[in-house]
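For reference, the structure discussed in these notes is given below.
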């Protein structure tokens, strides 16, 4: 399925054309999950998922404690989200970032790229992959202590409310954290979750815990990688930067490999949505070209406002591609066997 040009018009359901996360050998023939432009969806081609109280196979929604309207005593203002200086989860969050900032090096990231280009996978639907995230609590997130499947649907719903005219963006909200299934396949969370940052240059002040977690990173003792620019040319563009390895880069590579029928912004959002030191902290401008320097201002970056807004909704209603089709392929190690 080739990438559509930026000028080609899009149909009502075009953004749902390919939700095929394929690794290993590329399929001989591309798969389309919706009919051609202008045709109605056939019976069973899409489903509507509604959670009146809690998702399937779950008890009460643990996010209730975060909803100010339901539990005033647990209310938070926006400024308290992504709080890395206090709170009951701080020790766990700090430990995750300490490991990440020690072991995420140029050599480590390159090895991960090589590893995840050439191994075997188990196939499943997108919904099955989302359900798998019920087994994962993100150890890098200081705001939430409940499964990521809640976050996936609620982010998509928050985006739908904020951008009703961008159906492709709703889908990105659902897909953006699916790469976290790596943590369920035996990968350590410090190599899957958390804020991302460029490797191969000195970490900037906008990186969380930057002054207390990088002391043991060997790249900082290597003159090739320890300056502000490190191994990069000035204003080389973020597309040419080697980012720390995690669910963002993994999912971005999945989308590229499968030639997802989504606009370029979708790929950019997936790859850099956890790059808070850049799009929120304003750092790493020395690596930005004219395009990447203006991206945060001109495109809707996936940000906490969507997931926090979504955590307050009472019903999730989202059109998904043909869920019964088994298309998602994941690693056959760890608990996925």
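Backbone N, Cα and C atoms are what each Cβ position is placed from, and that goes for glycine too.
Heads up, TrEMBL stuff is auto-annotated, nobody curated it.
Per TrEMBL, the Fe cation site holds 151, 176, 177, 247; the candidate it also names there, chosen from 113, 210, 273, 279, is 273. Of all ranges given (44-63, 64-83, 84-103), TrEMBL attaches the label region 'Disordered' to 44-63. Taking the Cα of residue 195 (substrate binding site) as the reference point, the closest of the binding-site residues 176, 177, 247 is 247. Nearest in space to residue 180 (substrate binding site), taking C-alpha to C-alpha distance over the binding-site residues 151, 247, 273, is 247. Secondary structure at residue 177 (Fe cation binding site), as computed by DSSP, is coil.
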